[in-house]
Amino acid sequence: KPPKKPMKPSTGPSQRLISRINHFQDLLRSLPEEASLANESESTYHFSLSPEAIEERGAFGAVSHCLEVGLGQHIDGIIHLRQRGRTADGLVKMLKDGVKFMSEGDRKAFESAWLERLIQAATREGARHPKRKNPNSSVADTEKHVKKKSRTSNSAIVITDSDSDEEGTSTLPSATILTAPLPSTSKTIPSSNPVQPSSQARLTKPLPKLKQSTLSFTKDTRSEEEKAEERRQRMLDYEAKQAEHELKAAREKERKKEHERELARNRQRKHREKLRAESSDTDENSVNTALMQGARQVKELEKTGVEDGFSVAEVSRAEFKDWRKVRNGTKGGATQSRAVRTNWYHPFLWVVIHRAMVRALWSPQGAVKILQRENHDLFQHLHRGTVNRWKTPQKHEWSEKTLQNVRRHHAILGSGRSGALAKFPELTDEIKTTLLNLRKSGMIVNVPIARSIMLGIIRSRYPHVLTPHFQCTEQYVRDFFQSIMNWSPRTGTRASAHLPADAEDICERALMRIVYAMKWYNVPPKLVINGDQMGVYVLPNSSRTFDTRGQKQIDVVAKEEKRAFTLFVASTADGDFLPFQQVWGGRSSMSTPSSDADGMDEALEFGFDLTFARSDKNPTSHFSTMKTMKEWLKNIIHPYIQRVIQEDIDLEPDQMSILLIDAYPVHTSDEFRSFIFKEYPNIILIYVPQNCTGKFQPADIGLQRPIKHFLKQRLFQWMADMHQEKISAGASPEDITVSTSIPILRNASVRGLVEVYKYMNTFHGKSLIQKAWKNCVAKEYNLSVECLTSKRTQTDLNKYLKKDATLRDEIEARCGIVHGLEDSSTELIEADTDLGLNDIDDDDVPLSQVI
């Protein structure tokens, strides 16, 4: 027979529940008349369900809320029904609509919590369920009574008779009862229950007339011995059959065992034949071995839920798996298993989870269904209970703890979980304090060092903590770093100079020095010069490179050699850009670009100074020295000052100028300052405050990054052109190399300097320089021409000299007198500010975007 199809489970309310609701409806309709209202418009019964209420509270909650509002809440819990009619019928309709949307558990709770109480309330108010009338009730009751009497005796036979009495009357069939002990006698029992004429008229066929009969019984005349012998014989026959059955079962069991042994022998024989065949053919052996290993790997992947070597758990914890590659199985050590728990706080996973929760109206179950339907491979192990723990109860938002885990992209980082040391908070605090103090001192803290410290503290203070199950392994130390210390592997860096706390004050004092010198020594903005050195690489160099994955030996050419030079950049507050000084490492002119370098003629025409450092400490150093500073003043600064004096007829031959430079050791040395005082007495030397070059030096603020970017683009263009020439000349792929020759790179750097100098002397370049000076801000002042020469700044200078004794004493010590203490000007000119520069340094980014 074909198998029966299983019945589909019902999703709607049960028939019993609907029957109980209909029963309650009948009770409502049978309430006493005093329960109804004369004017139904005054009714307080208003029962209805809205989709919004079902969505917000759920079906059971919405129905309960509607009943509490309509029927009222009572302290004793007893419900009172005071109204009937159409307003009360709305209650039944609301109940039927509500149970359709409930789950099976909610329906059971609704029936016990509300429906039965409503039925009891209607009963207390006097409602009675109307009984249905049965037209054949008299006949049916009579037949039922006769059948019941016929079942009262198991040793009697009832015979019915259909004799009629007088016309217009009839009786039930007579019953004759025959008992077993009297087979030859009978007793007729006439019926004493007459039937009404109306009931008799409905009988369509007369009852059959049965004759009287008897039952015969025979008596057992055997003796007790014969009966006992029969019983004993039956027992012997049963025991014989039982023994035969057990013998057959034992034989069948032995046969099955022998069959299994034969199968095992066959399997072993086939296995030995397979091994002999594999050992005789090496090629076939390697293929079979590979296939078997592959099958085992696939089975392992299937067990762990990983397909094609891809694991969502491992990818979500990519930053924590490096230690497995480095330490797993080394020197016979243990091999850690693959990650199986997914880090749902990974940025790429959490964004999808958050969007799904918003789409599902913050329903965890709905969000999980959306995620698994759209991204089953990623979210197949996500459970709605996990999502429910992430959100704040009764609110459409994530909990604060969840948001913290999302910000640090991990649940363990900084969570405070210490594992085996959780029962020893004092020990955990001592270890944490020791490691923090070690890092404050600048010492390297890695896993071996931290493990040795932790073991030393544990053995000295709490030796009983170390057990065969806890040995403070390297993996535990890594977990301790993450959970307790909130540490991650970092690369050592050199601490940069921090901006002083009083940077605004000392920069304001420096600005007032410039304003004082410009005002009382009649220094025009064209002669307020700022100079700064910057290092430029002509060939990007690093110890890291790209190569074939898994390659053990990586050769890097010229890894320890620098291909770089120092470029001295100078500009004025008026927007003028001075020629470059290029400083190379070396001790002779052979270390500078050759005379036939591309762009050399233009460079010399513009007044470039191409020189070498000749450092006493390091022959290969390209940093500025006293030699290069003297050459810069002689070949760049002095010619520029003389040219400005000649072009401006209002300036005297002994015109003063201002040189604003940073506190580089060479700049602040006594030798350099003495050289300025003796050789160039008309230059006023003002220093940028220490550690404030990123705030108050125009070259650092807005010139170095665009110039470096321009030179970097030019370098890559030169490399591309060189490769193109080689390819056009027929060079093979093996001959396409990047030149690392320092002479070639020196010559290639000149063209880039010439082009960037041309650009800086254009209208856009001048605007860039003025913006850089304007972005040097100290409180409400800046180094723009408008601010330095404004009446407001000069008025504020007089006020500043009166309140700042440091600047006043400094001027008095150098010049003997402080001018302007009695000046008072009230005209004010507002200073302007501008935005900072973009911090981008990619060679494929246009220069305009960098500026």
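The backbone N, Cα and C atoms fix where each Cβ goes, and this holds for glycine too.
The shown structure was predicted, so the numbers you read here are calculated from the model rather than taken from an experiment.
According to TrEMBL, the protein has these features:
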type	residues	note
COMPBIAS	169-202	compositional bias 'Polar residues'
COMPBIAS	219-233	compositional bias 'Basic and acidic residues'
COMPBIAS	245-265	compositional bias 'Basic and acidic residues'
DOMAIN	625-738	domain 'DDE-1'
REGION	123-233	region 'Disordered'
REGION	245-285	region 'Disordered'
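The list of residues near the compositional bias 'Basic and acidic residues' (245-265) in space but at least 6 beyond its ends in sequence, with Cβ under 8 angstroms from a Cβ of it, is empty. Averaged over the domain 'DDE-1' (625-738), the predicted model reaches a pLDDT of 87. Broken down with DSSP, the compositional bias 'Basic and acidic residues' (245-265) shows 21 helix, 0 strand, 0 coil. Using DSSP to sort the residues of the domain 'DDE-1' (625-738) gives these counts of helix, strand and coil: 74 helix, 10 strand, 30 coil.
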